[in-house]
Amino acid sequence: RFPYLCYKNGGGAFLIPYALMLVLGAVPLFYMELALGQFTRQGPISVWRVCPLFKGVGFCAVLVAFYVSFYYNVIIGWALYFLVASATPELPWLHCNNTWNSELCQEGTPNASDAVNVSDVAATALPNQQRSPAGEYFNRAVLQMQYSDGLHAMGVPRWQLVLCLLLVYSMLYLSLFKGVKSSG
């Protein structure tokens, strides 16, 4: 939700404080934690026993990694969904004659006269803007965004995407349950 809100409200204003905090805080702290962890051969929480004052940094690193895994695993789940959907004889996102397509769906490349200047387009799609079959497949068939009023009312989870996400978490668990050394 945070990247979406930044994009909707002008992401350029967010870029300057993000770059400053990345250069001055995050990268040096991350490098120091990696160097200390490699030297002491300990994890992100126990490595800060060197200076107990900074023990919270290790907990925050684990918490951030936990939160980041949520959206990375969702993206991998979408990729898994598309992999399964691509096993059909004809790809479902090639044409506009499907049940999920709207009247704004347009196959092929648009003419130069139909092109819309990207800088003139707001974060939300224009009502009369032509849409590609692939974009409509993702937004209307996979995510079913046409049934939602926005981020405040997302609707019920789709069982296909939940199953893909469960499979991604299972694969992740099976690759890491004996530790990072065994995954190599």
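Each residue's number is its place along the chain shown, starting with 1.
Cβ coordinates are placed from backbone N, Cα and C, and glycine is handled just like the others.
Look at TrEMBL and you will find 12-32, 53-84, 159-177 tagged as transmembrane segment. Taken from TrEMBL, the feature disulfide bond covers Cys96-Cys105.
Within 10 Å of the Cβ of Cys105 (disulfide bond) there are 19 other Cβ atoms, across all protein chains. Here the transmembrane segment (12-32) has Cβ contacts under 8 Å with residues 6, 57 of the same chain, all six or more residues outside its ends. Over all protein chains present, the Cβ of Cys96 (disulfide bond) has 19 other Cβ atoms lying within 10 Å.
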